[in-house]
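To start, the structure itself, in structure tokens.
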């Protein structure tokens, strides 16, 4: 035992994530270690508005032979290489396995068929405009497109032959996150199942409501607004925080201040405020290391089709998972203990938030050069 005061910026500790019912090991003293590992190559930013070789630019021919229209705003089309499809047979368990009474195999090797649709969402026609470089009005068009997809697919789920359950909207930005095309775009996968990560969050939010008669993320918003130290962006409708339980170095969580279950409930005010928050956050990200900041980002919201509990306990939020740790060339790797034990981070959430708080969210570094 020691009487020395516990310093969260110096000593190892675990932080609980109520959304996933799991812990993150925080080792802040490791941020001082020298780095001799792999470094990312800094690629030159695209400076052209139009690239004749890009499959996503207006008027170009895609790999499958389809021609893009000369679109002037956000453009959506079915993914030419979808991860899930509608035109496949239903999965049926092999009758011979059932009659053989092979209970061990059926117990261990569980399989479900998955049907769905995948879409590509080109944020804007300009090849060189990522979210922080787009106007707030242009980002608002992206938000409106997300909402239109959600509402349309929810209606199709209720009226069509396939009961779609979830629409996962996301963006992989930068080659460090496996993005295969530099033209600013996101994706939307619509499935007839609820994905595992989302299902886990929904389960824990439902358990929290049953135990406390209040919403998990609603309570979390109140707590973060009271403490302030992890908030990096805030407006009338949303806050963006480095979550207390963050894994990635500069991970953020965007949360609706009020109980908005999905994009379907967004009025013009919420669309404008979301666009503003996204522009400010991504501008801060780029300004952190004066680079086009890579990340994986995704929306979590109410299912297209679910139980009353699942829908009512949902709370609109967005996750941003950026890999960069110390500079534009050094990123975090989830390996070793993190794959075999539990996730681990070096700097604390509060240290990361302080870095982001001091950055300009209005002026992009490219406009200051």
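Glycine is treated like the rest: Cβ placed from N, Cα and C.
Swiss-Prot lists 63, 79, 80, 172, 332, 333, 334, 335, 337, 338 as UDP-alpha-D-glucose-binding residues, and of the candidates 93, 187, 351 the one it assigns to that same site is 187.
When Swiss-Prot records 54, 57, 127 as binding Zn(2+), the matching candidate from 13, 183, 185, 215 it lists for that site is 183. Of the residues proposed, 201, 210, 224, the one Swiss-Prot records at the same Fe cation site as 300, 317, 319 is 201. DSSP assigns residue 201 (Fe cation binding site) to a helix. Separating the Cα atoms of residue 317 (Fe cation binding site) and residue 54 (Zn(2+) binding site) is a whole-number distance of 32 Å. Counting every protein chain shown, the number of other Cβ atoms lying within 10 Å of the Cβ of residue 335 (UDP-alpha-D-glucose binding site) is 8.
Each of the binding-site residues 183, 300, 319 was scored by the other Cβ atoms within 10 Å of its Cβ; the lowest score goes to 319. The Cβ of residue 80 (UDP-alpha-D-glucose binding site) lies under 8 Å from the Cβ of 62, 63, 64, 66, each of these being in the same chain and 6 or more residues away along the sequence.
Within the set of binding-site residues (54, 57, 63), the lowest number of other Cβ atoms found within 10 Å of a Cβ is recorded at 63.
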